[in-house]
Amino acid sequence: MASSINGRKPSEIFKAQALLYKHIYAFIDSMSLKWAVGMNIPNIIHNHGKPISLSNLVSILQVPSSKIGNVRRLMRYLAHNGFFEIITKEEESYALTVASELLVRGSDLCLAPMVECVLDPTLSGSYHELKKWIYEEDLTLFGVTLGSGFWDFLDKNPEYNTSFNDAMASDSKLINLALRDCDFVFDGLESIVDVGGGTGTTAKIICETFPKLKCIVFDRPQVVENLSGSNNLTYVGGDMFTSIPNADAVLLKYILHNWTDKDCLRILKKCKEAVTNDGKRGKVTIIDMVINEKKDENQVTQIKLLMDVNMACLNGKERNEEEWKKLFIEAGFQHYKISPLTGFLSLIEIYP
């Protein structure tokens, strides 16, 4: 009969140990991915036009001969995680997968800027101070580590601000892909304001698809001050907590998850004012996550819960349907509709 420790079988204990070690060393997942992007490996393989051999790869990378084995080990681990495919014929070679295709710079859909922004020590390094942050009454995690709120930090650090805007723009391109089958969102509209629209990545796609639709990108003055619009696209600087330009619809893409419930109510009330001006009854369209642990696949739930912890560090949150509903009612909206998008996002339309 197998022995037990504290009532646990050795097999249970070793399984638990494996789980612990997986999470203890999970930072290597992120850092090896950052290494591949920093070494431009996805582009090297893409430009090669076919699977690239280890010898060709290290020749292009110009690494010392003593590190060739380390390159192979990193590539093997990245392949195990789904970022490359190992082809074994005469010599071990590497091909892109769908995941690493999303890291090819210059492609229509490239998330390399997201990797660089999130895994910069400015952001990722802050998580070493979770214990200190949890005892602070009002400070965000970044307030603890950076000495100011995240948005204030961006204003004072133009280099990282550029990295952040590039990351958001790269993510917007994938959201735009999800919106391709959502023409109904824009049907019947004459105008829409993209609140927190950054450099206008999403707005430009909307304008191209609906050339008669007037689109306003509304963001902080320092974000939009040097940007040029077009016939149906304009940039307006301002503060969404003070006022939002009037339009038939307001778009909030990845905005509300950054803020507390109290701040979200302030934003939503300003949105309501913007879409009900002059007796009109427009709508507010939200693109964000809706947590549903009962119905979502485990991997989707994990992404949403990861993002929820990430947003908590900004004093924001990801929300389930009941939490969204409570916000909408308190902000004075009458009804809402949730449409799942491809991936882990949902499209929420709310009506005054």
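Heads up, the Cβ atoms here are built off N, Cα and C, so glycines get one too.
Here Swiss-Prot has GLY196, ASP219, ASP239, MET240 binding S-adenosyl-L-methionine, and the candidate from LYS204, LYS212, LYS253 in that same listed site is LYS253. Around THR122 (substrate binding site), the same-chain residues six or more apart in sequence whose CB sits under 8 Å from its CB are LEU146, ASN157, TYR160, listed in sequence order.
DSSP assigns VAL118 (substrate binding site) to a helical segment in the three-state reduction.
Here GLY196 (S-adenosyl-L-methionine binding site) is compared against the recorded positions ASP120, SER124, SER126, HIS257, and the shortest C-alpha distance is to HIS257. Reported as a whole number, the C-alpha separation between ASP120 (substrate binding site) and LYS253 (S-adenosyl-L-methionine binding site) equals 23 Å. Here the Cα atom of LYS253 (S-adenosyl-L-methionine binding site) is found 25 Å from that of SER126 (substrate binding site).
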